[in-house]
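Visitor: Quick one: the structure is below, questions incoming.
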Amino acid sequence: MHFLETLLGMQNRTPFITTQEYKAAQMKQYLDLCERIVDEGEWVNNERTGKRCLTVINADLTYDVSKGEFPLVTTRKSFWKSAIAEIIGYLRGYDNAADFRALGTKTWDANANQNEVWLNNPYRKGEDDMGLCYGAIGRNFPKPDGGHIDLLKQIIDDLTRGVDNRGEILTFYHPGAFHMACLRPCMYSHHFSLLGDTLYLNSTQRSCDVPLGLNFNMVQVYVLLAIVAQITGKKPGKAFHKIVNAHIYEDQLELMRDVQLKREPYPLPTLKINPEIKTLKDIETWVTMADFEVEGYQFHEPIAYPFSV
Ligand SMILES: Nc1nc(=O)c2c([nH]1)NC[C@@H]1CN(c3ccc(C(=O)N[C@@H](CCC(=O)O)C(=O)O)cc3)CN21
Ligand SMILES: O=c1ccn([C@H]2C[C@H](O)[C@@H](COP(=O)(O)O)O2)c(=O)[nH]1
């Protein structure tokens, strides 16, 4: 092997890097996407928000959960508990911003309560209602012939008994319910796969606010694979995160280009999940943000990016 490598000159092409440098390199995927948008993005008018977005189409990010590559942004302070609270709320089937707040995130307040179109929607059930989106669809998917399916429960049951039917898809996407929700789901599909006892995840996102949303979405894809592997008794493998429309809003561009992209990333931290979380019921009933810990998080100053409702 050594002889072959020398012969092929491979030793020169695979420089030795430390674990810390390797982990810092993981953040490069995020920074490369930000830079690509700044350098090559095209301006697109967005009717819903009334703002222009610098936009690129298609990005593929990978997180190796087996190696603990927790993709937390270090070039600004990231509110990771808020991101985890969002994904746990989706898994619980929440449809109300108050429930998300109780779990530890205010991120749905604006979409539930500050959007004129939604406030005037006859389907809105009052203060904090988000309508039929995310977990309210995925945990209760309407069947055309009547009744509902709990997609997540079916997936967990299959994976726990070692079955991957090649369609273990948790989808939040139901075009027939869009008019009954405050927003269409952005990260709308999570497809689980088993190879032996290793679990993989392919997550798909149709629309991505790279400075704000992606900061959270990377954490969520990682946590989703880690926690589903934990409760189904499988080893986590890699999570593949596909983004279609990746954008930076016009009022975020300067902070991204002139502040965040000028900073050097730190090594990535490590995520610890309470090993006592063993079933879907545990996630539904007693899990709180205290069951998640991040170790060794070094970060730059927070940046308050403008949020578009
Ligand atoms: N324009 C837009 N971008 C999004 O990323 C987004 C939406 N809308 N609507 C639905 C959800 C809500 N999400 C949000 C909402 C707010 C923050 C936010 O304000 N983040 C701040 C502070 C977070 C905190 O203190 O918890 C940040 O600095 O990350 C992030 C994601 C992601 N989604
Ligand atoms: O998890 C999320 C949720 C939302 N976003 C962003 C992406 C867009 O900027 C808006 C949604 O607007 P649409 O007009 O429905 O595309 O929210 C995100 O990045 N991540």
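Keep in mind that glycine also has a Cβ here, set from the backbone N, Cα and C atoms.
Keep in mind that TrEMBL annotations are predicted by a computer and have not been checked by a curator.
Per TrEMBL, the features are:
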type	residues	note
ACT_SITE	Cys186	active site, nucleophile
ACT_SITE	Cys186	active site
BINDING	Arg48, Arg206, Ser207, Cys208, Asp209, Asn217, His247, Ile248, Tyr249	dUMP binding site
BINDING	Asp209, Ser308	(6R)-5,10-methylene-5,6,7,8-tetrahydrofolate binding site
DOMAIN	28-309	domain 'Thymidylate synthase/dCMP hydroxymethylase'
Visitor: I'd like to know which of the binding-site residues Arg48, His247 has the most other Cβ atoms within 10 Å of its Cβ.
Guide: His247
Visitor: Does anything in the same chain, at least 6 positions from Cys186 (active site, nucleophile), have a Cβ under 8 Å from its Cβ, and if so what?
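Guide: Correct list: Gln205, Arg206, Ser207, Cys208, Gly213, Asn217.
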Visitor: Using a Cβ cut-off under 8 Å and a sequence separation of 6 or more, which residues in the same chain sit near Ser308 ((6R)-5,10-methylene-5,6,7,8-tetrahydrofolate binding site)?
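Guide: Once residues fewer than 6 apart are set aside, Ser308 ((6R)-5,10-methylene-5,6,7,8-tetrahydrofolate binding site) is near Thr49, Lys51, Asp209, Tyr249, Asp251.
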Visitor: Among the binding-site residues Arg48, Ser207, Tyr249, name every one whose Cβ is found under 6 angstroms from ligand 2, counting any of its atoms.
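Guide: Result: Arg48, Ser207.
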Visitor: Enumerate in sequence order the binding-site residues Arg48, Ser207, Asp209, His247, Tyr249, Ser308 whose Cβ-atom distance to ligand 1 is under 6 angstroms.
Guide: Asp209, Ser308
Visitor: Find the longest CA to CA distance in the recorded dUMP-binding set Arg48, Arg206, Ser207, Cys208, Asp209, Asn217, His247, Ile248, Tyr249; express it in Å as a whole number.
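Guide: Across Arg48, Arg206, Ser207, Cys208, Asp209, Asn217, His247, Ile248, Tyr249, the two farthest Cα atoms sit 21 Å apart.
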Visitor: Tell me whether the residue listed as 'active site, nucleophile' sits in a helix, a strand or coil according to DSSP.
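Guide: Coil, per DSSP.
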Visitor: Give me the count of other Cβ atoms within 10 A of the Cβ belonging to Tyr249 (dUMP binding site).
Guide: 21
